[in-house]
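Presented below is the structure to which this report refers.
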Amino acid sequence: MNPHTKLISSLTLILGTTITISSSHWVMAWTGLELNTLAIIPFISKSHHPRAIEATIKYFLVQAMASTLLLFSSMTNAWSTGQWDITQLAHPTSSLLLTVAIAMKLGLVPFHFWFPEVLQGSSLTTALLLSTMMKFPPTVLLLLTAHSLNPTLLTALAIASVALGGWMGLNQTQLRKVLAFSSIAHLGWMTTVLIYSPKLALLTFYLYILTTTAVFLTLNSTKTLKLTTLMTSWTKSPTLNATLMLVLLSLAGLPPLTGFLPKWLIIQELTKQELTTTATILAILSLLGLFFYLRLAYHSTITLPPNTTNHMKHWHFTKPTSTMTAILTTLSMLILPLSPLVLAIT
């Protein structure tokens, strides 16, 4: 990829995100989202592989449709109330259209079909951007308009996302698709608690970004894209693979790792709001996700590959693991004991 193209796309990506999260006017928020969409396209299509081009087209069409719905929603609201302010979403139709638009942007069920396919067609670095940074502006818009949205609809979308994210991840062998369904399930957890505790939803989103980034950076270091190569990657860096297992279990939400903190707090908050049924359903559905995370952890560390493997074994790395990967991996495992401090800060 041309360095100038990379620099311009990266700066546009940062600019688009900043415009959306700092705007109070619908048109400015829409402009930021459009800048984001156009800036990420060169990153997805940079390999010029047919699968990458297909992923680019799918991504562009879905995001363009979601942006159109968002603009239509804000125009309908402005027409009926005379307000272009993001927090003044009073019209019921506008509220419904916005929920659909943001669900498409985030990849919530039933608007999730594009997300695993786009991630599968992208490189690991681009998949990391799509799973984390590109989810931030729609999440902020969802937080700003949370008081105007329909709680029943959001809860239905959230439960469906957690269920399908866990269910579809069970049979995957491609790691990018597994992480795509993992993302869908985590955003479902975040959406459930959004109306009742926006701060907790944001904390969940931050911890999801932290843990997912650690997984993607580790996979990028070992150049692992599927389960069969994950089995032989232990030869490259045994220590990194051992920590990958712990980060995956953290992503699953097992105590005493970081990933347990948001799930514990969300179930506690839902119980306080007398939504015990929702909390119970989410807790049961999280077992589906736990199964495929355990499968990944088993393949990465516990399983030894057969002697007649088709993959050439690469012995230890010539270069050390990056400092960023080390820091994020450590945080992905050790934040739970600091939960009182984290809660005090948030």
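A Cβ is built for glycine as well, from the same backbone N, Cα and C atoms used for every other residue.
Unlike curated entries, TrEMBL annotations are predicted automatically.
These come from TrEMBL:
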DOMAIN    23-288  domain 'NADH:quinone oxidoreductase/Mrp antiporter transmembrane'
TRANSMEM  56-75  transmembrane segment
TRANSMEM  95-115  transmembrane segment
TRANSMEM  152-171  transmembrane segment
TRANSMEM  202-219  transmembrane segment
TRANSMEM  240-261  transmembrane segment
TRANSMEM  281-304  transmembrane segment
DOMAIN    290-342  domain 'NADH dehydrogenase subunit 2 C-terminal'
TRANSMEM  325-345  transmembrane segment
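Counting Cβ pairs under 8 Å that are 6 or more residues apart, the transmembrane segment (281-304) and the transmembrane segment (152-171) reach 3 or more and are in contact. Counting residues 6+ beyond its ends, the transmembrane segment (152-171) has Cβ neighbours under 8 Å at 96, 99, 103, 108-110, 112, 116, 177-178, 181-192, 194-195, 275, 278, 281-282, 285-289, 291-292 in the same chain. Tallying C-beta pairs under 8 angstroms between the transmembrane segment (56-75) and each of 95-115, 202-219, 240-261 places 95-115 first. For the transmembrane segment (202-219), the residues of the chain that approach it from at least six positions outside its boundaries are 124-125, 127-128, 131-132, 135-136, 139, 143, 175, 179, 182-183, 186-187, 189-190, 193, 225, 240, 243-244, 247-248, 250-251, 258-259, 261-262, 265-266, 322, 324-325, 328-329, 331-332, 335, 342, 346, judged by C-beta separation under 8 angstroms. Note on the domain 'NADH dehydrogenase subunit 2 C-terminal' (290-342): its mean pLDDT in the predicted model is 73.
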